[in-house]
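Engineer: According to TrEMBL, the domain 'FMN hydroxy acid dehydrogenase' annotation covers 1-381. Feature annotation from TrEMBL assigns glyoxylate binding site to Tyr27, Tyr136, Arg171, His276, Arg279. If you look up TrEMBL, you'll see 80-82, Ser109, Gln134, Thr162, Lys252, Ser274, 307-311, 330-331 marked as FMN binding site. According to TrEMBL, the active site, proton acceptor annotation covers His276.
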Amino acid sequence: MVDENPITVEHVEAIAREKLPAYVLDYYAGGADDQTAMKRNQTDFGRLFILPRVLRDVAQVKTSTNLLGHTYPLPIGIAPTAMQKLAHGEGELDVARVAFSMGLNMTLSSNSTTSLEDVMSVNHHEARVPFWFQIYMPSNQELIKPLLKRVEAAGYEALVLTVDTPVLGNRINERLNPLVLPKGLKLSNIASLYGQKEGTPTSNRTLMNARSAKEATEIRQAIGDGAHSASLTWRETIEFLRQNTSLKIILKGILAPEDADLAIEHGVDALIVSNHGGRQLDSAPSTIQALPEIVATVRNRIPVIFDGGIRRGSDVFKALAFGADFVLVGRPVLWGLAFNGRDGVETVVNILERELSRTMALSGAVSIRDINQSFLRRLEGGRLSKM
């Protein structure tokens with residue numbers, strides 16, 4: 001039995017793993033194929049060193065930052081993760097309550113088990129914290145128009161379009177132990193759009209289990225692509241969104257610097273460096289590997305947000321040092337939710353906040369603006385070298 005007084009995100013995860021049913025754990029924790037991309041997201045942080053500066057006044061470390069015109073107490077937001085009621089009874093509502101009470105940015109997954117309106121209802125109008133809504137673009141774009149109207153009417157600030165899922169990754173654990181939503185749970189925002197019935201696998205799950213590319217094509221022709229389209233293009237997709245919403249548009253799933261340039265060319269408001277938590281292309285680089293080249297390409301023209309593998313406050317520091325403007329955490333929030341609901345999510349955020357503050361003080365960075373690449377080193381030929 002794991003001690004239920006966790007002091008690290010790793011401890012919270014260990015407790016969550018003991019509590020979650022196997023089919024839920026396989027869904028939350030699994031990656032694609034050999035899960036190497038998922039593992040690298042974490043281990044590659046360990047290959048980076050922070051070179052501390054001393055005799056600096058760090059008595060009052062400030063962790064606040066600005067993103068898209070809003071000031072947040074932390075450079076940490078909550079990433080979109082699906083079906084949070086599988087982790088704890090209140091699911092997305094508990095996460096939203098923490099985000100509101102702590103002033104954190106939150107992105108709600110379109111695959112949430114709580115309606116987008118109910119989630120926003122905890123975000124009081126008098127002191128509203130910016131919440132974003134994550135979407136996938138279907139082949140039949142008309143299907144998503146009602147959802148876009150709901151998102152805008154509810155008061156979300158931005159759409160986060162996930163662009164790295166033309167097809168689902170080969171998620172071995174999920175195929176061996178398929179996820180079917182328990183009775184009483186549904187995908188509250190999209191079930192009606194795609195004809196999802198309670199207690200049945202999604203069309204995407206059916207596609208993932210196709211035994212050949214030919215069979216996948218036949219399934220797609222018979223039942224459609226569901227929430228994911230393999231035929232999206234830059235111009236068509238961004239133009240459609242601009243014509244159908246006034247919300248900010250953020251692209252999630254950028255790893256190539258060329259795509260970062262295209263994102264700017266097509267007028268998006270921000271991008272998220274992400275490999276979908278290692279759940280899509282297993283041979284993709286870790287997000288911390290991909291980040292520096294994207295930052296160099298973007299050149300401060302739009303915000304660069306980082307997602308993937310953060311388990312320590314020092315990981316947050318390293319991503320910011322490489323030039324990220326903001327970071328998102330996903331699985332740690334799920335572990336907190338499974339550990340102890342709302343209090344568990346607060347525990348995770350408090351752990352990361354304390355670790356980030358401590359890392360900043362020990363490194364000689366008084367504010368988020370002070371964090372830059374000069375703090376980072378890597379080991380080359382047995383010697384520390386600059387990035």
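FYI, residue positions are counted from 1 along the chain as it appears here.
Cβ coordinates are placed from backbone N, Cα and C, and glycine is handled just like the others.
Tell me about the surroundings of these features in the structure.
Structural biologist: The DSSP secondary structure for Arg171 (glyoxylate binding site) is coil.
Sequence-distant contacts of Gln134 (FMN binding site), defined by Cβ-Cβ distance under 8 angstroms and a gap of at least six in the same chain, are Pro80, Thr107, Leu108, Ser109, Ser110, Leu159, Val160, Leu161, Thr162, Lys252.
Cβ environment of His276 (glyoxylate binding site): Thr162, Asp164, Thr165, Gly169, Gly253 lie under 8 Å away, each six or more residues apart in the same chain.
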Engineer: Between Asp307 (FMN binding site) and Arg279 (glyoxylate binding site), how far is it from one CA atom to the other, in Å?
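Structural biologist: Computed Cα spacing between Asp307 (FMN binding site) and Arg279 (glyoxylate binding site) is 13 Å.
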Engineer: Translate the DSSP assignment of Tyr136 (glyoxylate binding site) into the three-state scheme.
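Structural biologist: It is coil.
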Engineer: Can you tell me which of the binding-site residues Ala82, Gly309, Arg311, Arg331 is spatially closest to Tyr136 (glyoxylate binding site)? Compare CA atoms only.
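Structural biologist: For Tyr136 (glyoxylate binding site), the spatially nearest of the binding-site residues is Ala82.
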Engineer: In the structure shown, which of the binding-site residues Pro80, Gly309 has the fewest Cβ neighbours within 10 Å?
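Structural biologist: So among Pro80, Gly309, the binding-site residues given, the one with the fewest Cβ atoms within 10 Å is Pro80.
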